């Protein structure tokens, strides 16, 4: 099959020329757009998640020969969580080429964290099926970039620290809510609030939901530490 101009442009952003273009077409097709003659990316997302996990586990082991399983687990989780996958998807503007059904399109599907995270995993699976594990690994390490090297510092991030603070006091996990989203699709600004079960709350604004959640958690932690 021939790719559309949009998908050809996306191939360049991705840095992989597909030998089997149909794999890429399926990887960007959401279940809301699938038909009897055109599959969706759900099964590919399942495979891509496993390929991503293997690549990241291998990379972390190579970076730190002395790390324990307890140290590696939070680093691994930080690299493969949906927020990180969605951030990577945004960096290559994957949302612009997603094939969505009308209802999903109208509800802002191109910006949804879950859809973007699933789609980048499906794209990883497409590269794996098209060119093998080495090609998929090279793609992942290039797209994730410095995140792999910086994750050690971020393993115990403010969200994790706040959750541990709450658990140590027998409280429910903190709750995060989107207060507002402003700005254009390519440069959104999110305001996120966080609340713990004793009623304390704070909020923060940033260019991604994850960054805003982390900043809100940091602000609330600072407030809790000040109040004793």
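Backbone N, Cα and C atoms are what each Cβ position is placed from, and that goes for glycine too.
Taken from Swiss-Prot as is:
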| type | residues | note |
| --- | --- | --- |
| ACT_SITE | 49 | active site |
| ACT_SITE | 121 | active site |
| BINDING | 45, 118, 121 | Mg(2+) binding site |
| DOMAIN | 7-132 | domain 'RNase III' |
| DOMAIN | 157-226 | domain 'DRBM' |
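Summary of the Mg(2+) site environment: with the site residues 45, 118, 121 set aside, the chain residues having Cβ atoms within 8 Å of the Cβ mean position are 41, 42, 44, 46, 48, 49, 85, 117, 119, 120, 122, 125. Broken down with DSSP, the domain 'RNase III' (7-132) shows 93 helix, 4 strand, 29 coil. With helix defined as DSSP H, G or I and strand as E or B, the domain 'DRBM' (157-226) counts 29 helix, 21 strand, 20 coil. For residue 118 (Mg(2+) binding site), the Cβ neighbour count at a 10 Å cut-off comes to 26, with all displayed protein chains included. Each of the recorded positions 45, 49, 121 was scored by other CB atoms within 10 A of its CB, and the lowest score goes to 49. In this structure, the CA atom of residue 118 (Mg(2+) binding site) is 8 Å away from the CA atom of residue 49 (active site).
The average pLDDT the prediction assigns to the domain 'RNase III' (7-132) is 90.
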